């Protein structure tokens, strides 16, 4: 497909990146998926995404939330590939697809009219993938456009762009190749305001794995000031994307339909609840402890239902919703007017912090991090690189060495619930913590291990994801991982409202769960002492001024320094690796020797692993990683590998205590070194006695002392048996060496002497199994066919 045939109507957004060129994003509609309420094809380069928005006919009155669903369908044909699964078709969504769903949902959800209860589904299908252009940001814009066309009560359009900081400049929609040179990668979504400004609605950002190296080479570190400048730099691109979407909507959008809106409560219910319980709620919100505070609020709720139930019969849900709204109002008012939070802290105060490492036995690394009632256990496991995760997605990455898993069991909030496979929220939190630490991880060469980090949220009252960042840093250092710098994270909140005719914003440091629920923003920031490594912004507003976000970044920086001090008091440098962790040794061999180390059908490498107890992983460039839980096993495996691929070549006259590995009619093959065999001819086997059958003297597995008699031009080795002193010379050559058809009769045997020093030329038999100097016997007469 090309841009010209993707739809009947189309509009284009052109974004100028100066020296980095222009990016053209095209929105087309009217040809594909015409039965959906709204559909659009968005294209960037050769990346093509189809977005279809549909809406349920009947509202779900029983729901007390907006039933919006976003699905991303990664089609492997988009990259010209067949799925690697058993059934050769796409199955459950990949982690990349789930994270893209969350990227789309976060700016989209607050843009719908409040109280909408009709089911809305947005399905994104990746039809074609340009290796240079990721599909995720294209999908956000496509979702906004298809929803704008659908006739739903939607306040969009929403524009989204990826911004990369490259050579001191911010580049919109960078290619994969350009991202290799970036110190910071940021996805920003927002909407254009009537005054021409842009309100930021969502941010997902991280430093790259190359950041530390690039900064050491002179690039600008992604400090709070640099990140804030990136938010400003994203505005022109967002404005242009919103313009193109608005123009297409003017000619192709359906009229906005009337949908029933279900308010949580009516004004009379709210007024009755406020008159009865406002003072009690205000007192309850002064209780610092979460459990005690919630218990007091539950008592107030029970009294409200009891006292007002008869008056509002059948409307008990309204009373509960009104009480929640009253609680939210009191929390926000107290912060805005008195600068006092639920637990009595000021806007910049952090809850009590504790950090401890080495809390579990036997595991490779462990740590416990607590911030108030939020408690995270971090556990680190190290293994061979062959245990890294293989990826079968549309992403250009095919494996992942660092894996971060986040678990949020129901008991962490004192509740019951389902325990099992991770939900989208858990996948998203784990990915955020993973991205926060990737920039400070050692390279494969510096630390040749696969690393799995697990964060167990044992207690939750605000920002378990940022607690996971702190616990992970501690756990990794406890396991002996040489991080380039420790990383800490903090969650920031926002309360905003009209106060004396002006909009006032108060940024909160280290938010509680209730402040997250009642506030306007969840802004998570992670980083080192020097720069930001990851951040994530979710908002319930239509947008937040960028200067407010810039101030929040600076406030987060101050909090991060405090947390890092507590963490460094627990552990300052990487600890000694656990006795239970594998020790990995690196061996470099010539690429053409890889096959020798592996052996036929893996026999050689399997034998080394079985006999030494070590694990061996071989890279395509000839790097071999040898891992074992004890030093002698690893050293034995390294010596075996070196003997094969980096050997000290044997010389004529060298003696070995070898092992018989194969017998034939003409002699025995003796293993001298791993991968190095020699032929002990039948005439040399019997210590001067005539030998009719090799097996009468030697069998597979027998040990025999031999001396190298000759090495021919092809490297094949011929052996003499080392005989005890005074023993007779070897028997005459085997009968198979005599010309056929001659009868010796009773003639005395002819003394042929010892032929060990005779030039053998290329007569050495070939074993045929890849070993040195081996093979089957051959007839003397050969016919050459031309």
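Cβ atoms here come from the backbone N, Cα and C positions, even for glycine.
Per Swiss-Prot, the features are:
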BINDING   516, 522  Mg(2+) binding site
COMPBIAS  727-738  compositional bias 'Low complexity'
COMPBIAS  739-778  compositional bias 'Basic and acidic residues'
DOMAIN    582-641  domain 'KH'
DOMAIN    653-722  domain 'S1 motif'
REGION    722-786  region 'Disordered'
Which of 516, 522, all binding-site residues, has a Cβ with the fewest other Cβ atoms inside 10 Å: 516
Per-state residue totals over the domain 'S1 motif' (653-722) - DSSP helix, strand, coil: 6 helix, 37 strand, 27 coil
Where residue 516 (Mg(2+) binding site) falls in three-state DSSP terms: helix
Local confidence of the prediction over the domain 'KH' (582-641), expressed as mean pLDDT: 88
Helix, strand and coil counts within the domain 'KH' (582-641) (DSSP): 32 helix, 16 strand, 12 coil
